[in-house]
Amino acid sequence: MIMINSPSYLEFCNISKHFPGVKALSNISFRANKGSIHALMGENGAGKSTLLKTLSGLHQPTEGELVVDGKALVFNSATDALEQGIAIIYQELNLVPELSVAENIYLGQLPTKGGSVDVETLNARAREQLKRLGEDFDPSRPLKEFSIGQWQMVEIAKALSRNAQIIAFDEPTSSLSQREIQNLFKVIRELRDDGKIILYVSHRMEEIFDLCDAITIFKDGTHVQTFDDMTDLTHEKLVELMVGREINDIYNYRSRSLGESGLRIENLEGKGLTQPVSLDIRQGEILGLFGLVGAGRTELTRLIFGAEKAQAGQIYIHGQPISVRSPQDAIRAGITLCPEDRKADAIVPILSVEENTNISARPWNLKLGGLIDFKWERDNAEQQRKALNVKTASLQQAIGQLSGGNQQKVILGRWLSTDMSVILLDEPTRGIDVGAKSEIYELIFNLAERGVTVLVVSSDLPEVLGISDRVMVMKEGAVTGELQRHEFKEQTALSLAMLGNNQAAA
């Protein structure tokens, strides 16, 4: 076993990784140097996550090797890689909320005294690790009492406690506030300056250009190009290299004829709303719902879908009042939801693409005697896969192995299998790269053109303005304004979201 100590470089030498029916990585070669934050970018499914899993010891390369300062590394497990000085900070943090901060940092290496855990030493060591990161919160308290941003610091402290010299970050800012993001960037820069080798995966281009010194671009499991200096690299060139084509207008908005009222809400009240909410969306219309964290957007979709019980108000579908006491009631009425956290609330990761596609369609295809029509399910899943261009090795592949963009397509395909007339999309492109985003937008427009009523919740303001016919803005659980398409201005929407009034238009 090689213990990595102050390495000068990490090199991926002709790395390939094959799964049954899929070449996830093909002949990947590049070098990440000490004193540089090295970005990994590509569309979802380009191979970034597979490469990190190879680096972490979760996957063994089919071909090729990892080299540090001229010496080949061999891992038999993720624990093996960590012991050799390699740590991966994943988007889904590998922590235990019920344990203390200190216990999470030193889990597996707890100091003992007299046959039991030496709590005093444990907390002192944890406090010192947090101090290195500029944090001073109490390590003896349960982790669940702290914010996601502080959880990130705990994960980094955990890596440093094991003397990690190579640290990779996989979409670390997806759940962080702007202040927490800036704090994280400060820590990452300090780690770089301290001699660590840093790899950084993100789909947010503004982060890449703000934080990173070098970049490697992937496409379809292959290495496209590495820039050791990003000075002359533009956003447009990066997108072109990622997707293999120019994307001039990622939204490609197009108007369409609208029908009668598709979804109408009158004076809806419930959890997360501070004032009654009313809205009316026509058939074929795309209504964007914008607001900052805590605005009540997600809470509103959950009330409409029956995931939270409304305290007052009335919902109408095609002008007819309906009673929604549960998601089952909503689905029967033709209301569907793609939730904000698809991994927690929308997919069953260990089940196949076929099974996830048909979860909500099964009540419509039971044979006489209560038997499931498996042929119908196979045919339906294949039909949705083709229609939505889902990239998967087979319909039997576990959905948890797919990229975020392809998971989102499967969720959309699930609802296309039902008698859907209304779809609620909560952060539909979060964690999805620019190429897959354009495909999701195209699917949204196709739904609207079929007469489906669409509500899109997004914290990405350019996205909301790019695809919506109208935009409704919320702040602290209340609607603060509505904009028609000819009124769309970022300043106006932000003013409504932050101040609760349209000062930008004054």
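The backbone N, Cα and C atoms fix where each Cβ goes, and this holds for glycine too.
Residues or ranges marked as ATP binding site in Swiss-Prot (evidence: sequence analysis): Gly42, Glu43, Asn44, Gly45, Ala46, Gly47, Lys48, Ser49. For Ala46 (ATP binding site), the count of additional Cβ atoms within 10 Å of its Cβ stands at 25 [all protein chains shown].
Feature annotation from Swiss-Prot assigns domain 'ABC transporter 1' to 10-245. Each residue in the domain 'ABC transporter 1' (10-245) has a pLDDT score, and their mean in this model is 89.
Annotation source Swiss-Prot lists domain 'ABC transporter 2' at 253-501, citing sequence analysis.
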Nonlocal residues around Ser49 (ATP binding site), in sequence order (Cβ under 8 Å, 6 or more apart): Asp170, Val201, Ser403
Assigned conformation of Ser49 (ATP binding site) - DSSP reduced to three states: helix
